[in-house]
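Enquirer: This structure is in structure tokens; I'll ask about it shortly.
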């Protein structure tokens, strides 16, 4: 794929009508930089993980956690307390070692290519907030999961699976209403033509829409997105302001008297006109609602939970094997949290790779079907132009090695989607 980035320096003939040479070159350089960053950050991650294993980092951190919890008055019999200290230290270590990479990605690569909208202060405030929110969710959930495994008896894997199912459904339900607003500002889409058209389209396919929000994604990045969430008869649609031509902050000149920069974000206009027209936004939403109408969301949940149940079942079969713990430096104790880490992170690693590939293949099929649904709604022309605009706004490179694409791309390449919109309806 890197060879494709390096050698494809001219717009291919089939792309001549949809992409100018300037945008093509910008996207090529952006993806090349991202590829280089991905290689080095991935290599570092592999070296770090290998050194942790070879140097006994996991048992060292476990013993350190025991010492800390012991000083707080919790002896070895309080395994769950020690597990929570271990988890806190491990996530803190991961956050610290990952910080330089995140800084480089945000303030060098994303900045260089015109996507970053954050100041350094906003970045660190965001990172600290994310860490705190993550711990507030992770620690209580983990403690309850460990407790269920401890008292669950022979069929603990069933109770553990049911618990994780409930937790995932609760998090999906509360995320957009209570967690996401901690990081981004959500405002109701103002009354007007776009909102009316969205409500009309939702009603035409029986989508139980209750609210439409615009999220100020532009204060963090100029990448664009849209999604829906909610269960049963309470669905909400969220549009990033960077998706909307009429709302994107990057399309607006600073108001008179403003210096173009507030305490947290930088207003940048070098991306110039960004986002989609109302008709194109409706086409993008037609695609997203197609996922709902065709049952893709439910199918993904079912697959995820079937996989989760299988993993807990296999965990129950393997957790009693002392040689697994001994291989990772635990000769005298078999902590449940360490067992979860060994089995889910290491033993299941090859299986997870195969599963990920299968889900990627399925995702691409779902994307074609959602495009076809939007086409049935009469949105083919607008979706066609919207895909081109979004590819340009996000500097997506439309040429890819077929093996790389097959393994990594959860969405079909741009040319394949555009061709499918022009051809007969996909099955």
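Glycine residues also receive a Cβ, built from the backbone N, Cα and C atoms like all the rest.
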Enquirer: Taking 13-36, 37-60 as the choices, which stretch does TrEMBL tie to transmembrane segment?
Expert: 37-60
Enquirer: Against which stretches of its own chain does the transmembrane segment (309-331) lie, if we need a Cβ under 8 Å and a gap of at least six residues from its ends?
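Expert: Long-range Cβ neighbours of the transmembrane segment (309-331): 53, 56, 58-59, 62, 156-158, 160-161, 164, 338-340, 342-344, 347-348.
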Enquirer: For residue 288 (active site), what is the tally of other C-beta atoms lying within 10 angstroms of its C-beta?
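Expert: The answer is 16.
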Enquirer: At a C-beta cut-off of under 8 Å, are there same-chain residues at least 6 beyond the transmembrane segment (131-149) that contact it? List them, or none.
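Expert: The answer is 79-80, 83-84, 87-88, 91-92, 95, 156, 159-160, 163-164, 167, 171, 179, 182, 336-337.
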Enquirer: Cβ under 8 Å to the transmembrane segment (155-176), counting only same-chain residues 6 or more beyond its ends: which ones?
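Expert: Same-chain contacts beyond the flanks: 137, 141, 144-145, 148-149, 186, 229-231, 236, 238, 304-305, 308-309, 312-313, 315-316.
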